[in-house]
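Have a look at the structure below before the remarks.
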């Protein structure tokens, strides 16, 4: 399973192009204002922006985690495609128009407009901590893939990945991130096509692959309402709805990209394109998992000792079939690197806007910041990149990639989605309700998720893995694993709250924010609300008699362009 000269040329060539784009936008098309550094001067085209959002969502976790999950647990995650479509339609109709009117590079500025500065800081801190941890996970994924092909230590790989990403993000700014995302999405697409074509060819036919998957229970879909079942239709649709709603309507990086196009009709086009792209990626990753099962249905690499964890099966598969196809291993590793770099660069760029706009700018006078915004933003990228590198040392002990990522992402996305829905939909919601709702949800659901993850790592509870076998392995072993849910021996089961599917973390967080937030709001003084900060549903019942006074409300630091941090609000 070596890594040949052609593989090295392809991998290093793809990295060189990404660096070249960063250098071009850093030295020949240099960003001179904060608006240009964060939003590309709001003159970006629809297709590259949509491609950038897709590339930012498609990480190495998507490839390795999703395909491994389908291989081991079945293809129930396919149903999350439905939630992706619904989330884009609902978010695009109800929520995105309101947030676009704010014209702030950091979407969390909305919380200061709608509630108060304290709620905005809570949201910004929660997102910052999540983004740092998630970035560390993303940086570690290429190390898993490259470890299958070379003897390079994973920590060396993660350090290189973070350094490369910090360099072109710091130097090139938003436009460099967009155009490297475009190039990297092309690389990801090539990688997926090669995996699908060669995977199908190695098995025989698509029909044969599907037949094997059906026989192996990989396409057995579960429609049970039992919340303790790991995967199923309702888990993927309901849990996926909250996750995709945040990604499509509330994610700082996504809204930042929406603001980079000139008109709202272009925002709608971007949403339609990125929705189509993400549903396609979800389906392709699921089918790759099915291909992996068809390949190893009678010789599971984990049981046979060829790999240590299921997240390594896809790289193992590529290295195995890549012996006969020069350059395939390089294309795959380059695809994983591209997926990681695109998501990391977007994360670093968004983090710089969040930390600068919410945690630094309000504490320093405008005169002191004048002319130094771009340098401060670049310094933030460098610091977050260093912290990300340090956090990768913890990632190795987290267990399976997809459950851990979904649990962490679901917790933060759920709290923030609940806050946005509370502010945009419920007119009676006030700052105290938003604050206590978010803090309560984060502590309660975070505790449940952490204990549940700990039990999962310890092997407690029901094992929902589908049947595995090593009957055809070259070693003299003949073992078949059947799910312990159907075995006579039942292991220790934790309390039911700690066995709830990781998909539901986001749903529970969102509901708790809204319920606690409304209870506290009803028990405290109702605040006057600017109707332009409410969605169509939230504005129902608002008096249309007296027109409110219009004044300019400055949040953060006013940029030279006058667009980034200014918002005209109605003062009731």
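Using the three backbone atoms N, Cα and C, a Cβ is placed for every residue, glycine included.
The transmembrane segment feature in TrEMBL is assigned to 6-25 (among others).
What TrEMBL lists as transmembrane segment is 46-65 (among others).
The transmembrane segment annotation in TrEMBL covers 77-100 (among others). If you look at the transmembrane segment (77-100), the same-chain residues 6 or more away from its ends with a CB under 8 A from one of its CBs are 66, 69-70, 107, 110, 221, 231, 233, 236-241, 243-245, 247-250, 255, 258-259, 264, 267-268, 271-272, 274-275, 278-279, 282-283, 286, 420-421, 424-425, 532-537.
The transmembrane segment annotation in TrEMBL covers 121-144 (among others).
The feature transmembrane segment is assigned by TrEMBL to 156-178 (among others).
The transmembrane segment annotation in TrEMBL covers 185-212 (among others).
For 232-250 (among others), the entry in TrEMBL reads transmembrane segment.
Positions annotated as transmembrane segment by TrEMBL: 271-294 (among others).
Feature annotation from TrEMBL assigns transmembrane segment to 325-344 (among others). Counting only same-chain residues 6+ beyond the ends of the transmembrane segment (325-344), those with a CB under 8 A from a CB of the stretch are 3-4, 6-11, 13-15, 18, 52, 55-60, 62-64, 135, 138-139, 141-142, 145-146, 149, 161-162, 164-165, 180-181, 183-185, 187-188, 190-192, 194-195, 198, 315, 318-319, 388.
If you look up TrEMBL, you'll see 375-395 (among others) marked as transmembrane segment. Sequence-distant contacts of the transmembrane segment (375-395) (same chain, six or more residues past either end, CB-CB distance under 8 Å): 34, 37-38, 131-133, 135-137, 139-140, 143, 154-155, 158-159, 162-163, 165-166, 169-171, 173, 344, 348-349, 351-353, 355-356, 360, 369.
If you look up TrEMBL, you'll see 401-422 (among others) marked as transmembrane segment.
The transmembrane segment annotation in TrEMBL covers 434-455 (among others).
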Which of 6-25, 121-144, 232-250, 271-294, 434-455 contacts the transmembrane segment (185-212) most, counting Cβ pairs under 8 Å: 271-294
Cβ contacts the transmembrane segment (46-65)/the transmembrane segment (434-455), at least three under 8 Å, sequence gap 6 or more: no
Selection from 6-25, 121-144, 232-250, the stretch that has most Cβ pairs under 8 A to the transmembrane segment (434-455): 121-144
